[in-house]
């Protein structure tokens, strides 16, 4: 047998060269191996088995005057005689007789060899060797530019520098402080996300240069998983690498030998492919199983005409067709390579995409062989080119700014700015800084990070050190994120608030925060072409429960509908823009809270009545005048909170009585004049706000509200309070200020749980001493004119002043 490994040297190359082998070269290499196996297999059969087997022909040449007996003998020699009829008395005996040629083994071998050389077509004889030779030529052509001294030296030098650039600690560490790493592109860049953080910093690696290394050799490292700082030795190595890249660029950009070499070897392969297809297609039919052999060796063998069998004809025929298929695929691949070589401008390489990704504009474009090698590397993995771009960029100023920022904002100084936000989380607000200090990620107790008006923010991998971080606020910030940081936020971030003015300030990575529970968006989502900011699908936010949009949309965005199945609370603050299309609300079957604020609604949307799980509805600051549709709320059995405040409602329909499950009701800031007694049939109400209306009279039926704890009638025209109000023994807050009241009933002493009382702005001349019976009422909870407070007995005043 012929071992295939013996031919490995024809295609063997350094493993590092694989980065310059695009997919088509790898594919043709595999095709070459397959064709090589066909050739080796055919050659092995040629060596191991008989090539041809011949037998002499007994038929004499035909003559014009042949006798009938000669013809009969010829027929007899080719036609077997019928067996004799057996005698019925004797047993049947058959004697097997062959045709005797009186030839010995040596003569047969001689005949076989002569017929093989003289009669067998050359294509059938040399087919496996042709396959082997053609394949070796293909393999040599594919790898010639790796072997030729003029090109291999440049390739080896480039691969050496490329590997050092890719693995340089500076590439990973220093760049994370200067630029923001782009969140990984869709698509797809999962191989990059599986790499170490060294690889992940690829796009933003474009931000450093040798001057950065020279001036700041010991910069704090963002990725603490590898090391704490960039030491002096690593800085010197990176500095030397910058110099190598500069010199290599000057040297390689001068010529285009690599491009010319690759084009020529590809053209040669295409020409060879056409030749192989042409002659193989024409000669494949010459591979025949039966071969007639006429050689003048009668004086040595006694025969001149022979009938031969080419033993491997059938197999060679199949192998030839298989070989033609492989060569065809190989040739088509080479044609595609030529198309790629001539269609693409491979002598120029633009880093425009990297510049856009990183926001660094000083990465220069390259040309000639340098550009060609970068194009080839992009076919292997574009990440190499992006990381290599680091050492073509000048960003020492940005590096210095980052260092100064870290020195200015020490961890102790940042801790002094910590405060508790509205969500009761420990928050660090940073406003109008030149960047994001790395020292922020040393404050491990941080729960909420608020960034305002900070451009080109980079969230590095070290955000993973903030184990308690659950909330992130980005107000007018253009933010990029390290992939490792994105992975951390996907697992830990619960609340995200984004205030944006344009698309750049709306982070694209937020759509992948699978554990995000609350999302607050503030910004214009208009369909103006000049400022077209749209939401992408939120379907990946599987845990999203609360969504708040403060914008100017005319309909509910489709992105919101994508999370309708698990959304529990939705708030739309529309800044006065009319919200007209609300049919998508019907899809939010699990919605429990809905706020439609300042949406210019004139009627209560009918789609709301389909939300059977709804518990709270807020229609603040709309243009509601009539609420007759309120009767449909009776189907919403779980509705407990209804806020129709800041509208233009003039009356409350009697259908309100059917909303027996209501516990909180707000009609403040409307134009209501008459308070219907039916309202108080909603006897579960605990919170009732009727402030800032034109109400003059409170029906005595208010005493039915035995669960009432909060009642506000502030800024109305009420002249007296019914005594039944004081039957609401659970009342804790009573606001009756800015009315026309002149007397406060002594029965107010029955409200033992009263802790807040506002009576300021009325016509009282004296306060009843029974206020002393309200033990929970203190001076801080009593809103009244100082002079009126002095009308209380001294012991009552002292009691209220006592904490």
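For all residues, glycine too, the Cβ spot is worked out from N, Cα and C.
Taken from Swiss-Prot, the feature topological domain 'Cytoplasmic' covers 1-22 (among others), and the record attributes it to experimental evidence.
The feature transmembrane segment is assigned by Swiss-Prot to 23-47 (among others), with experimental evidence given as support.
Under the heading topological domain 'Extracellular', Swiss-Prot lists 48-124 (among others), citing experimental evidence as support.
Residues annotated as disulfide bond in Swiss-Prot, with a large-scale study or a structure entry given as evidence: 54-308 (among others). In three-state terms derived from DSSP, residue 308 (disulfide bond) belongs to an extended strand segment. Note on residue 308 (disulfide bond): other Cβ atoms within 10 Å of its Cβ, all shown chains, come to 22.
Swiss-Prot lists 64 (among others) with the feature N-linked glycosylation site, giving sequence analysis as the kind of evidence.
The N-linked glycosylation site annotation in Swiss-Prot covers 70 (among others) and is backed by sequence analysis.
The disulfide bond annotation in Swiss-Prot covers 115-293 (among others).
Here Swiss-Prot flags 125-144 (among others) as transmembrane segment, drawing on experimental evidence.
Among the features that Swiss-Prot reports, topological domain 'Cytoplasmic' is placed at 145-262 (among others), with the record citing experimental evidence. Taken together, the residues in the topological domain 'Cytoplasmic' (145-262) have a mean pLDDT of 58 on the 0 to 100 scale.
Taken from Swiss-Prot, the feature region 'Disordered' applies to 177-209.
The feature compositional bias 'Polar residues' is assigned by Swiss-Prot to 191-209.
According to Swiss-Prot, the feature phosphoserine maps to 212 (among others), an assignment based on a large-scale study or a structure entry.
What Swiss-Prot records for 215 (among others) is phosphoserine.
Within the chain carrying the transmembrane segment (263-284), a Cβ under 8 angstroms from the stretch's Cβ atoms is held by residues 121, 123, 134, 137-138, 141-142, 144-145, 317, 320-321, 323-324, 327-328, 330-331, 334-335, 337-338, 341, all 6 or more beyond its ends. Sequence annotations record features per position, and here Swiss-Prot assigns transmembrane segment to 263-284 (among others).
What Swiss-Prot lists as topological domain 'Extracellular' is 285-314 (among others), and the listing cites experimental evidence.
Residues or ranges marked as transmembrane segment by Swiss-Prot on the basis of experimental evidence: 315-339 (among others). Through the fold, the transmembrane segment (315-339) approaches residues 24, 27-28, 31-32, 34-35, 38, 41-42, 45, 124, 127-128, 131, 134, 138, 263, 266-267, 269-270, 273-274, 276-277, 280-281, 284, 287 of its own chain, all at least 6 residues removed from its boundaries and within a Cβ separation under 8 Å.
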If you measure residue 115 (disulfide bond) to residue 54 (disulfide bond) at Cα, how many Å is it?
8
Over the span of the repeat 'LRR 8' (565-587), count residues by DSSP class, listing helix, strand and coil in order.
5 helix, 6 strand, 12 coil
Give residue numbers and ranges for long-range contacts of the repeat 'LRR 5' (490-513): same chain, 6 or more residues beyond its ends, CB-CB under 8 A.
183, 423, 448, 467, 469-479, 481, 519-524, 531-533, 536-538, 540-541
Same-chain Cβ contacts of the transmembrane segment (125-144) under 8 Å, 6 or more residues past its ends?
7, 10-11, 13, 25, 28-29, 32, 35-36, 38-43, 45-46, 51, 116, 261, 265, 268-269, 272, 276, 287, 316, 319-320, 323, 327, 330
Below 8 angstroms Cβ to Cβ, which residues of this chain, lying six or more residues outside the repeat 'LRR 16' (753-774), approach it?
709, 714-715, 729-747, 781-785, 788-789, 791-793, 795-796, 799-800
At a C-beta cut-off of under 8 Å, are there same-chain residues at least 6 beyond the repeat 'LRR 9' (588-611) that contact it? List them, or none.
548, 564-579, 582, 617-627, 629-630, 632-633, 635-636, 638
Hey, which bits of the same chain come close to the repeat 'LRR 2' (421-443), Cβ under 8 Å, at least six residues off its ends?
177, 220, 222, 401-402, 405-406, 408-411, 414-415, 449-454, 456-460, 462-463, 465-466, 468, 470-471, 495
